[in-house]
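One structure, pasted below without further comment.
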Amino acid sequence: MGRNILLPFLLASTLALPSLAVVVQHIDGLPRTTYDFIIVGGGIAGAVIANRLTENPKFNVLLVEAGPTNFGVLATEVPFLWFELTNTIYDWNYTTIAQPGLNNRSIPIARAHILGGCSSHNGMVYTRGSSDDYDRWARVTGDAGWSWKNVLPYIIKNEKWSPPADLHNTSGQFTPSVHGKNGLMSVSLPGNPSPVDDMLLETTKQVPELPFLQDLNAGRPLGLGWWQSSIGNGTRSSSAAAYLAPQFMSRKNLDILLETKVSRILPTVKSQLTFRTIEIAVSKQRLTATKEVILSAGAINTPHILMNSGIGDRATLSDIGIPTLINLPSVGKNLTEHPTAGIAYTVNSNDTTDNLLANATLAAEALAQWQFNRTGPYTTLGTFLGWERLSAKSSIFDKFKDPTAGPNSPHIELSPGSGAFITVNGLPVTGGHHVGAGIAVLSPTSRGSVTLNRTNPLGDPVIDLGLLITELDMFTMREGFRAARRLFSAPAWDGYIIEQVAPAANLTDAELDEFIRDNSFSASHPVGTAAMSAKGARYGVVDPNLLVKGATGLRIVDASIMPFLISGHTQAPTYAIAERAADIIKAAWH
């Protein structure tokens, strides 16, 4: 029999409650084999859906997560330690195939393998994107429910605006009216100052293309403003910590099955395309939903499960020997990702955040401070984010259409700050003291794919991010480096910056392109592989209600359904998608 692992964090707060969710690591420990809803994937979307559906005591819900619990994993709690989660059991440890746009390098793409998914694993950046991004979703789906106006209430519903860890005066650093106060996921401003904050503020007066932006989440993210993160009380606020908190785990209609990989979704009746049965990898044991299976495995694993289930491109599946049950050629296509690189300068100061990586004693002191009162440098990853558009007069637009969703949408993200943390292939420049910036292409035109391994379809998916394969994306990345140089050439940095060290200064365009191709990496923001489209469209994977086209009983709720990548990080929109999807599902089964 499976072990019932009633999680320790439940005990302290639920001893007086009459019943608890069942949390097990093996299918044999479940109290039943049939549920109203089965959710595959306990990440951002899966945890939200599990919480919202179990608000109705008449619904029995099973949440299945391939990874282990997040409870007790220090690096999922301490914001600054997030990078320690890759190359561990808490990551799928996926690697792409050779990327032509990156000089044929294969690169890692971080994908969380833990309860809470990427919200337990990511850099906690909280950006909603632009109003244009959501309005474009509404246009391509023919559903006004996906517009900025109609998604914003779900963004607000998710958010609990929280004071920063250091409790500093935040007046003028954000716009209160655009934030939620009563949600479950905490959002806050930086909880520890950076040595370069004053200089960055001064640049907003000196660099016209980067004016001060009071709130980066008000729908028009253009300028330089204070970083917002999914952090509360100095601690990461993940979907697991927020939506599967002890008060929700007291619900007797929620069960969670951990460390269990789902390989396929199967027709419950062979002669019908009603997909309400899941198959567990290795053991081949099955569980069935009476209402819906909700696939929330993410932009890499969702299409992998679909294709192994016979839902995908008939030609591709036939070549591998998988019978096609539903011919949806768009499954696994349209993979869109933010290519990211970085720039670094040496500085005339010993007070930089490089010290936290280089000085073990200082790092230990920072961790001790965090453990004592949840304050200090370990509460914060960065303090400023910047966005800008390419010039409308740029010659590139003589050849290509503007790829952004509209005039409120940036082409480039800059994440300037103390230290040199993301510069050479996503790794810090070692030795010395630095200031630098991450640089990302926010509306890439390059597209990749997720496909099956021909010799082992149930093994790791074949991931092609397709980074920087278009002329427009390379142009935009190159312009991103130029924008970063203009930022760091402002008078505010006089006497502080010594020299540019990565890439070397005064490179030709060809040399800069080589640096970009040799050192760019994945932002770990993949979307689009099960994209939503209008109900009558012959392309796409799900309709605007997120139901898989041609199937009954199968819905997808995760970042894979985004038809276009937003001009920002993907955490916030994924929460909003899940909150809206929960209402759609409730309405369907009221």
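Note that the numbers count up from 1, one per residue, in the order the chain is shown.
Just so you know, glycine gets a Cβ as well, placed from its N, Cα and C.
The following feature annotations were taken from TrEMBL:
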type: ACT_SITE; residues: His525; note: active site, proton donor
type: ACT_SITE; residues: His569; note: active site, proton acceptor
type: BINDING; residues: Asn122, Gly123, Met124, Val125, Val262; note: FAD binding site
type: DOMAIN; residues: 298-312; note: domain 'Glucose-methanol-choline oxidoreductase N-terminal'
type: SIGNAL; residues: 1-21; note: signal peptide
Please indicate, using numbers and ranges, the residues of the same chain that are 6 or more beyond the domain 'Glucose-methanol-choline oxidoreductase N-terminal' (298-312) and have a C-beta under 8 Å from a C-beta there.
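Sequence-remote neighbours of the domain 'Glucose-methanol-choline oxidoreductase N-terminal' (298-312) are 40-41, 43, 66, 92, 94, 109, 111, 117-118, 262-266, 275, 322-329, 331-332, 335, 450-452, 457-458, 461, 463, 526-530, 541, 548, 551, 556, 558-560.
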So of all those recorded positions, Asn122, Gly123, Val125, Val262, His569, which one's Cα sits nearest to the residue listed as 'active site, proton donor'?
His569
What is the number of other Cβ atoms found within 10 Å of the Cβ of Val262 (FAD binding site)?
24
DSSP secondary structure for Val125 (FAD binding site), reduced to helix/strand/coil, please.
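SS state of Val125 (FAD binding site) = strand.
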Round to the nearest Å and give the CA-to-CA distance linking Gly123 (FAD binding site) with the residue listed as 'active site, proton acceptor'.
10
Work out the three-state DSSP category of Val262 (FAD binding site).
strand
Give the residue from the recorded positions Gly123, Val125, His569 that has the most other Cβ atoms within 10 Å of its Cβ, counting over every protein chain displayed.
His569
Would you identify the secondary structure of His569 (active site, proton acceptor) according to DSSP, in three states?
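Coil, per DSSP.
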Using a 10 Å cut-off between Cα atoms, which of these binding-site residues sit near the residue listed as 'active site, proton acceptor': Met124, Val125, Val262?
Met124, Val125
Give the helix, strand or coil assignment DSSP yields for His525 (active site, proton donor).
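DSSP assigns His525 (active site, proton donor) to coil.
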What's the longest C-alpha separation between any two of Asn122, Gly123, Met124, Val125, Val262, the listed FAD-binding residues, in angstrom?
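So the maximum pairwise Cα distance among the FAD binders is 29 Å.
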Averaged across the domain 'Glucose-methanol-choline oxidoreductase N-terminal' (298-312), what pLDDT does the model get? Just tell me the whole number, please.
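For the domain 'Glucose-methanol-choline oxidoreductase N-terminal' (298-312), the model's average pLDDT rounds to 99.
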With every protein chain in view, what's the tally of Cβ atoms within 10 Å of the Cβ of His525 (active site, proton donor), excluding that atom itself?
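His525 (active site, proton donor): 25 neighbouring Cβ atoms within 10 Å.
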